[in-house]
Amino acid sequence: MRIVFVHPNYHSGGAEIAGSWPPAWVAYLCGALKKAGYTDYHFIDAMTDYVSHEKLAEKLRELQPDIVATTAITPSIYVAEETLKVAMEVVPNALRVLGGIHATFMFRQVLEEAPWIDVIVRGEGEEVLVNLVKAYEADNFAETRRQVKGLAFLDGDEIVSTAAAPTIRDVDSIDPDWGIINWKNYIYEPLGVRVAIPNMARGCPFTCSFCSQWKFWRDYRVRDPKKVVDEIEKLVNEHGVGFFILADEEPTINRKKFIEFCEEMIARGLPDKVKWGINTRVTDVKRDKELLKFYRKAGLVHISLGTEAAAQLKLDVFNKETTVAENKEAIRLLREADIFTEAQFIVGLDNETKETLEETYRMAWDWQPDLANWSMYTPWPFTPLFQELRDQVEVFDYSKYNFVTPIMKPKALTRGELLDGVMNNYRRFYMKKALFHYPWRGTGFRRRYLLGCLKAFLKAGVGRTFYDLGKAGYWGPQSKDKVDFHFDETRKIGNAQMADWEASADRAAKAAERREALRVQGKARAEERNAAKAEAAPILTAGGGGCGGHADGSDCGCGGKKQQQVDEFHVPMACGGGRQQMAEDEFAMPMACGGGKQQMEEAEERLVRPAE
């Protein structure tokens, strides 16, 4: 069974500024296949190698695979669809498989616009792919595919989605095959060294309304830190990796395991060989302020903070549990620990104005992070915030959903003015940094790293790839009214996808009604219990029982403590700083407290909606 994986040839002016990133997904899938006994797999990185459709066709003809598989995030979905169309034309007997976050949630749309796709893998891919390959090897695949969990496909005119596959419980069993990667192609520009993107955990327990990772991975699972360091040691010693970024949404959530990870890195002497970076939350930085220098000793040199917005209003919209003041304090703490800070700002919401854009610049300069990024709000079509803002979304050309193209149009700005405002922030921030900070502050590694970051920005700017400025035709303030983002206006939401959204909205409304009924019922029962307690209080007091127990003072079984009453419908919910998780059936749905504001909609949806 020969399997060929293809990374789609999609480019934007965002993350590529810092270098070429190795597609970790293929290493993890190949590791699962290898463990299951499938070793005849190949990889074509059409993105890094700029492989055209014609060249891809040649490679597929040469390899003659039994299965061609690719993946897609939202902006690369059309290229991924075209990749499998090429496969259909040159190796028509090969099974064509698509995975990734976009296809997982938008499979109806994808199958409607690209019916040549044979199978979509939904959700976490390792176990689902192995089961799919086994089913494809067996006879009568048209029938056996219906028994494989985590798939979607067309059967005639019917869009079929099988039951959701459970998440991988034993994350320590994950063993990626990094040997599938051609490492000389993946360089981290600021340091000029090979870069990797391993992960320490799967999932995220928070429910930020603009993000979809918590929906895709579902529950939060952390690997054994020693096994993660085993993997990193292999990347360093066998593949020459000199820098890595933990792919986790927030690796510091589990403080104990993150500390163990750092201790293991130090014990093996790895900080002298490899540096690394993470994304994390401001609250975790403040929590661990006494440990930041220890983290730096373990090789952690770069932290990207989701400050998200200068205006507190925006933080509230995004369901962030931080304040503007906390953002500034976290950056100060990291600076004192000699850890490079990168502040992330989201711009382009409906309430954006010239004044709010200017405010983000002023705060960025006041906070003094080493780096600052302004990303366009991108309404992933499968997030809660997209559903709330759907009437305001005018662009459904997903190839532009890349954080650098203004998908949303603020009421007070044109898209060209929004882009110009963002570029004005970049120009001022990095011009000042280049003249007064980077060359003169610090020595050795700090100076080299900052100048390397500046070089990466300049390289992208001169090449007109930064923020896709060349494609948009932006040359400065004088061109803001002439920019063209080349939106494909023929792209619309598919009928099947729209019908599913409407059905989901109806289910959500019914769930909300049930929650309200339960709330009223619970309140009434509480009042009844309180009334009963008040009526019985004199008798119980006279009896002398410590909790209102037996008259002779003997134990009534409650241990002298208030006993919790459990209604028919009881959901365990605790304000643990956003870290409480709730399990329902085979799902473990993360629940974020948001400072006491629990979000139940997703969990309720799991209860009332059959698994697809």
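Keep in mind that glycine also has a Cβ here, set from the backbone N, Cα and C atoms.
What Swiss-Prot says about this protein:
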{"type": "DOMAIN", "residues": "9-143", "note": "domain 'B12-binding'"}
{"type": "DOMAIN", "residues": "190-417", "note": "domain 'Radical SAM core'"}
{"type": "BINDING", "residues": "CYS204, CYS208, CYS211", "note": "[4Fe-4S] cluster binding site"}
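Taking H, G and I as helix, E and B as strand and the rest as coil, DSSP gives the domain 'B12-binding' (9-143) the counts 72 helix, 19 strand, 44 coil.
Mean model confidence of the domain 'B12-binding' (9-143) amounts to 95 (pLDDT, 0 to 100 scale). Residue density at CYS204 ([4Fe-4S] cluster binding site): 24 other Cβ atoms are found within 10 A of its Cβ, drawing on all protein chains shown.
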